[in-house]
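Colleague: According to TrEMBL, the protein has these features:
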| type | residues | note |
| --- | --- | --- |
| BINDING | D:S63, D:N112, D:E156, D:N163, D:Y187, D:Y239, D:V257 | substrate binding site |
Number of protein chains: 4
Amino acid sequence: MDYQAILNVIEKELENFHPGGKVPDYIPELSSVSPDKFGMHLYGISGGHYCFGDSEEKFSIQSISKVFTLALAKKIGKKIWRRVDVEPSGDPFNSLTQLEKEKGIPRNPFINAGSLVVADILITHLENPKKDLLDFVRLITNDQSIEYDFAVAASEKKHGYRNIALVNYMKALGNIDNDVDEILDFYFHQCSISMSTKQLAKAFMIFANEGRILETNERVLKPNSVKRINAIMQTCGFYDEAGEFSFRVGLPGKSGVGGGIVALHPQQYSVAVWSPLLNEKGNSEKGMRALEELTTLTGLSIF
Amino acid sequence: MDYQAILNVIEKELENFHPGGKVPDYIPELSSVSPDKFGMHLYGISGGHYCFGDSEEKFSIQSISKVFTLALAKKIGKKIWRRVDVEPSGDPFNSLTQLEKEKGIPRNPFINAGSLVVADILITHLENPKKDLLDFVRLITNDQSIEYDFAVAASEKKHGYRNIALVNYMKALGNIDNDVDEILDFYFHQCSISMSTKQLAKAFMIFANEGRILETNERVLKPNSVKRINAIMQTCGFYDEAGEFSFRVGLPGKSGVGGGIVALHPQQYSVAVWSPLLNEKGNSEKGMRALEELTTLTGLSIF
Amino acid sequence: MDYQAILNVIEKELENFHPGGKVPDYIPELSSVSPDKFGMHLYGISGGHYCFGDSEEKFSIQSISKVFTLALAKKIGKKIWRRVDVEPSGDPFNSLTQLEKEKGIPRNPFINAGSLVVADILITHLENPKKDLLDFVRLITNDQSIEYDFAVAASEKKHGYRNIALVNYMKALGNIDNDVDEILDFYFHQCSISMSTKQLAKAFMIFANEGRILETNERVLKPNSVKRINAIMQTCGFYDEAGEFSFRVGLPGKSGVGGGIVALHPQQYSVAVWSPLLNEKGNSEKGMRALEELTTLTGLSIF
Amino acid sequence: MDYQAILNVIEKELENFHPGGKVPDYIPELSSVSPDKFGMHLYGISGGHYCFGDSEEKFSIQSISKVFTLALAKKIGKKIWRRVDVEPSGDPFNSLTQLEKEKGIPRNPFINAGSLVVADILITHLENPKKDLLDFVRLITNDQSIEYDFAVAASEKKHGYRNIALVNYMKALGNIDNDVDEILDFYFHQCSISMSTKQLAKAFMIFANEGRILETNERVLKPNSVKRINAIMQTCGFYDEAGEFSFRVGLPGKSGVGGGIVALHPQQYSVAVWSPLLNEKGNSEKGMRALEELTTLTGLSIF
């Protein structure tokens, strides 16, 4: 069965699967998205594109952006592991308890606190961090149309009390160098990037392809950095449901509260899926099911 | 470079690596082991055996046994996921805090609390749980010489206050069915099993070979169970250093305080290493280095 | 208004107050007590006795015994403050989290963990700890009829998994010297002592009378020890409801899950009340109301 | 021995007591204070004033102000106990862990989070909260010279990351109504108030005198409110050293990181002491010693 046939099976099987979760309600831009949206895009290492549904519709990538900022920090060669750990958190993505216990060192770069520290590092080392991040995402996607959604960024800033708390708390504990408002501005923008599953699958191909852009063969990350980022996606990519995802899907990946999930099988493919309804852990329920079917039907997980 | 050449390089490179850790001192049987012991054994899916050093000397497998009991529970088809979760813990292997927070449901089957619940399940469903476990380990290793070390089991029982605390606490919270003393007796015995790296590599081949014993082709676990156990080894196999191991080595694996580590690359090989000095997280420091070298030199991690 | 008149008002006012709590159900001896029992006894420093209701019926004093063992430890002059702290806990009476965080040092002698350490100290220093405790309680009450309830002690032992967990955990952390079973046996016996509100009020007069038995003028505690014990009752006597009791009643006191509460006003009186229905914090709801009325009507709290 | 004689003894005894603590270093206004300052002032209910040392030198009252804002909230008759609890915290004064566990409800009004909620309540109900607070403090002290120290307030704002974190976190959890910047501005000002031990002793006389200003007999608080505030000072006035203070001193009181401590004996006296060196819990070490001597020498604690 080829990839397109497998995707067709998945689409068919999940046609009548209506998960019981909900769309996030904290900002109007996310709560107004139709819960019925569903799309999937797989990008094979041989260059093929396979898809169904709303695979070319853009949505807010939210926490998926944390992989981009981590990759950018590695690309510019910055040491980050003294300031962010690489262990799974065992706590929700925005917990302050663990930060307190561990004296301001976030457990990993994919919880909010960790990504705020990565933002701090980028701001220290880049001239135009917001522009540079966008350029990096456009580069690896080979698509100049990708943009921030300024309305989303503005809404997040208005309701981002918990992230404001996190960054100020780390500042109090000595793990933040730059101005907290500048970091928050960067962070709310990174989360607001709009991309389709097709664009996400293309962007994440660098992690399946040892750090090279498939179309151009340009190297953007060292193989060793890719191995590390994939390992962190495997153990930390799904908040406190990382084990469940690893258990059900068996691929490194990352989710966002916009309903997107990206995953990849090294040397085989990258894949993105979108369905806005979230389970109580904040991950797209239908998206997880789709990826579970994918590794079952291909018979290929990393395990 | 073939596997034996790679192992020779690792042996050579680590000849003068003397990690600063220490041998566990809580029972005489573990504390009296020479800290200089060092051995490694790799078992290829094509049937080849490669090794160096003290690879055939037996040592106490300790927490590595948790993989065997989990596999046995899956083999006899028992549901365990309502009573043990599959998430990384973010806390040390014997923490009571998380148990309290999560009302007696251990985070995963590889922390002590989780393995005690697995022991409880085996005791409920097996006639002779200690005999049956030993038979299972002998079966997958194809080696009838494997035994419990009764002196180790007795010493552990004498000093096992923390495990006694864990099982009584879960009993108080309603997640233990059987008599606590019977569970502890089983648990201290499972940890006391003595095996060499050669025997461990042979035993773990079932996880690299989709659930079949390589020599006999006998199926002992369903492929789906293997995938799940491997996923849990990936995210939870190294206490609160699972992320670090995933990051440095990139293979599913499991460590024990006896200084052993087992890991595997699906469809490629299983491998065990032994060096008694532990880092502060309780994992063999030299063992981790050896495995890190292995995936660097083979160029093959799962990522 | 004299004390008897005030007690009459309290009895009348609470006649139709039926709190919504429940009797503890973990052992038959406590769950079979009638929830309608209600009695109160006040013992004035001038020697007068005032009471109503079931004031002479014995019940299980449970955690009230923690004050007796602490007093006995101080009486025999033992240092305890390196092994037990004197701070309120902010957590339920049987929490393990705080113990883990604070490396086996209980927050205060009135949480279970703290009282188990006090038991350990008494066992180290007394020839016949169970007999000596009973003798001490009989002495200060001037009543030889006080006894352990062996059926209660046996039941508690049978269901005492959480206390077994606590003492083993502290043993693991190095804060327990004696055999855990001996400590638990002592602890379950101390909790099983049966006393009436009249006997309790008599016993606690030593804390209102600077350490002397009122009837005989015999000194059993130094004034400084009394001051300390009263201070601990004030801040730690009601599990994680100490602040609420201090706020509503304004007297040092101690409650037990048998439904009893004892309190005292230094230089004025000691008082005990009994009503078996407990609120969700484990304190007698009607007992707290009765004491609140008492300090309102007398116009005398310590504040 | 009269009060002045007792104070003279205390001054003499502590002349050569040089505690090993340190002056807070987070803002220049506090770190530049001479560590040798030492003064004490006792105000008797009969109207007498007794003092020694630097008793009329003003210093930053810091957390002592939390009692004033709580009193003002009670004075204007506002309900606060649904939004702030009255239990001791068992955690440091600025912990976020407990807030997370208890869903944004601070444990009591004397930890920072609790006082920020009290500030929020005052801002909701007062026209000019900063002016009204100052007027209230001037009223109960009968001293129009009391002022905010704007330099201190500005410095605190500049370094107040942890308080910014706390208020934003509670806002995220729904327990803050007003603009966070307005609350922080008020809070940093309340902490900046400068007062001498003489002024503090005068101000706190209302809590020893059932809510009336001693000099004018004007009632500013109901007796019941006074009883409650005293009870909270007793159980929560010294961060996670409340038990230790209760144990050593036996009076309701409140400390501040400016080195001041105020305490009171109902119907007897109010007293303030100032010595800038803080122990590791953030309380004035020499101040605690002075008060311990006071209750030992007077033979009068509330216990």
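Glycine too: its Cβ is placed from the backbone N, Cα and C atoms.
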Colleague: Counting only other Cβ atoms and using a 10 Å cut-off, which of the binding-site residues D:Y187, D:Y239 scores lowest?
Modeller: D:Y239
Colleague: Would you mind checking how many other C-beta atoms are within 10 angstroms of the C-beta on D:E156 (substrate binding site)?
Modeller: 23
Colleague: What does DSSP assign D:N163 (substrate binding site), in three states?
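Modeller: Looking at the DSSP assignment, D:N163 (substrate binding site) belongs to a helix.
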Colleague: If you draw a 10 Å sphere around the Cβ of D:N163 (substrate binding site), how many other Cβ atoms fall inside it, taking every protein chain shown into account?
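Modeller: The answer is 24 other Cβ atoms.
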Colleague: Go through D:S63, D:N112, the listed binding-site residues, and name the one with the sparsest Cβ surroundings, counting other Cβ atoms within 10 Å.
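Modeller: It is D:N112 that, of the binding-site residues D:S63, D:N112, has the fewest other Cβ atoms within 10 Å.
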Colleague: For D:V257 (substrate binding site), which of the three DSSP-derived states applies: helix, strand, or coil?
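Modeller: Assignment for D:V257 (substrate binding site) reads coil.
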